[in-house]
Amino acid sequence: MGSTVPRSASVLLLLLLLRRAEQPCGAELTFELPDNAKQCFHEEVEQGVKFSLDYQVITGGHYDVDCYVEDPQGNTIYRETKKQYDSFTYRAEVKGVYQFCFSNEFSTFSHKTVYFDFQVGDEPPILPDMGNRVTALTQMESACVTIHEALKTVIDSQTHYRLREAQDRARAEDLNSRVSYWSVGETIALFVVSFSQVLLLKSFFTEKRPISRAVHS
């Protein structure tokens, strides 16, 4: 009976840990950004709360985009032009709706795909205060904290590799399209040159006979 309680508690804490790892605070989104277009997002943030923005261009053009962040008073607190990826962290000085925008207005024909991850607030403690704790429970909590940190690392690594895979796949598809078009063009050019050579050689071996006309007196 004595070993049943710690085992049940460990299972409960592990399930809670996994649930918290699956429900991060904030939002992440991948969206399409057409050429000559701008897309803005809004989030209300309390005063003194920290928020962070990570973004990366996955496909399109030179894989770059303009990005800026404005506070509720319209002041620009972050601005970068033609960035492939970047991170920005800020602690809100005033309460209100903060706006962050992505602009592709400098591009006339390149369609972009942009990914961003917007996080608000500090991460809450993994385990609530449990008052009096036995030694076994303290060791179990320490193990759960280690597992939680490892899960966060795994999630971040999976996101990073997923973005790299999407970007590499887009580049490979673009390269494949260019190679295909180039191959078709070379095939057509080769056919035209071959046909022209055949006509030229045929003209060399064609005997030109003078046309005689009978003159009737």
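Cβ from N, Cα, C; glycine included.
The annotation domain 'GOLD' is assigned in Swiss-Prot to 38-120. For the domain 'GOLD' (38-120), the DSSP-based tally of helix, strand and coil residues reads 0 helix, 56 strand, 27 coil.
What Swiss-Prot lists as motif 'COPI vesicle coat-binding' is 204-217, and the listing cites sequence analysis.
The annotation signal peptide is assigned in Swiss-Prot to 1-23.
Taken from Swiss-Prot, the feature topological domain 'Lumenal' covers 24-180.
According to Swiss-Prot, the topological domain 'Cytoplasmic' annotation covers 202-217, on the basis of sequence analysis.
Positions annotated as transmembrane segment by Swiss-Prot: 181-201.
Per-residue pLDDT, averaged across the topological domain 'Lumenal' (24-180), gives 85.
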